[in-house]
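**Student:** Below is the structure I would like to discuss, written out as structure tokens.
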Amino acid sequence: MAYNLLKGKYGIITGAIDENSIAWQTALKCHEEGAKIVLTNAPIALRMGTLNKLAELTDAVIIPADATSTEDIENLYEKAKEALGVEKIDFLLHSIGMSPNVRKKKHYADLNYDWFQKSIDISALSFHKMMQVGEKMDFFKDGASILGLSYIAAQRSYPNYGDMCQAKAVLESIARSFGQRLGESKGIRVNTISQSPTVTTAGKGIKGFNVFYDYADILSPLGNATAEDCANYCVTMFSDLTKKVTMQNLFHDGGFSASGMTEKLIDKMMSEVEE
Ligand SMILES: NC(=O)c1ccc[n+]([C@@H]2O[C@H](COP(=O)([O-])OP(=O)(O)OC[C@H]3O[C@@H](n4cnc5c(N)ncnc54)[C@H](O)[C@@H]3O)[C@@H](O)[C@H]2O)c1
């Protein structure tokens, strides 16, 4: 059911690659709620052509941009103005993450440091770049909402999540620093949503992902949040209902981050002991 929460709003959605992507689901919801959007992803990701289907479903234009390149971001914003027919946007979703070390299963004590820098550049600095370029081009409307997607590995150690733990910590810190600046100057909100483990291309690339997933699910009173649940939360954050929420890392994880133990986990462990 749609509520027209984003009627009259214009935005950019990064990071949709297939229908499992959190960004894919978010684009669908934004469209459903009345927003006009531009979709973007790295040129290499667009070669697969899957994004065309989402563009059709959401009546959106696709503009390629490598989010680590300031030139590409400038070009994205210029072209988005033409595509949307507006000078400024109301919302931006940064849904980008990639670690070559994680992808190539490099152990945390054997990291390739060039790849480490790539992980930070792609997964965190790109968030800064999208805001820095946007501020210089005066591309964000007063009161706009900017969101990044994070994971609880920014606060807690997670084996196999490797250097992405650091990348997410940097991402969340950037949200606070830029959030303060853009809040004071233009009433713009900047937040990160810390999402449950979700079955996506990025998620599945993590060794032992199924165990992460099951453990979080059993320790969350509400169970893991799906990509669609996350999309709904993103819509709320882009809407006018959350105008005073900024500089926050918002846990969207079924209660996992505040749980010590759950009945579900006790029962499971007891039954294993009894077996
Ligand atoms: N899947 C999970 O379990 C989970 C949990 C918490 C947070 N997140 C975060 O959610 C976000 C979206 O990931 P997802 O799980 O939907 O996976 P996904 O693989 O569908 O999306 C990641 C996207 O990043 C894009 N990308 C990579 N390098 C890029 C670059 N240089 N420029 C532009 N785009 C680039 C990819 O093409 C892809 O579309 C990421 O920040 C991820 O870390 C995911």
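Any Cβ shown, glycine's included, is placed from N, Cα and C.
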**Student:** According to TrEMBL, Gly15, Ser21, Ile22, Lys168 bind NAD(+); which of Ile89, Ile96 is also listed for that site?
**Tutor:** Ile96
**Student:** Quick check for the class: what is the C-alpha distance, in angstrom and rounded, between Ile22 (NAD(+) binding site) and Tyr151 (active site, proton acceptor)?
**Tutor:** 13
**Student:** Determine the recorded positions, out of Ile96, Tyr161, Lys168, lying near ligand 1 in the sense that the CB is under 6 Å from one of its atoms, and give them in sequence order.
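**Tutor:** Ile96, by Cβ distance under 6 Å.
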**Student:** Using a 10 angstroms cut-off on Cβ to Cβ distances, just flag whichever of Tyr151, Tyr161 is the loneliest among these active-site residues.
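**Tutor:** Result for the active-site residues Tyr151, Tyr161: minimum number of other Cβ atoms within 10 Å at Tyr161.
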**Student:** Between Gly15 (NAD(+) binding site) and Tyr151 (active site, proton acceptor), what C-alpha distance do you get in Å?
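**Tutor:** Taking the Cα atoms only, Gly15 (NAD(+) binding site) lies 16 Å from Tyr151 (active site, proton acceptor).
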**Student:** Compile a sequence-ordered list of residues in the same chain as Ile96 (NAD(+) binding site), six or more apart from it, whose Cβ lies below 8 A from its Cβ; state 'none' when nothing qualifies.
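**Tutor:** Residues satisfying the criterion: Thr14, Gly15, Ala67, Ile122, Ser123, Ser126, Phe127.
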**Student:** Select the closest residue to Tyr151 (active site, proton acceptor) from the following recorded positions, measuring between CA atoms: Ser21, Tyr161, Lys168.
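**Tutor:** Of all the candidates listed, Lys168 is nearest in space.
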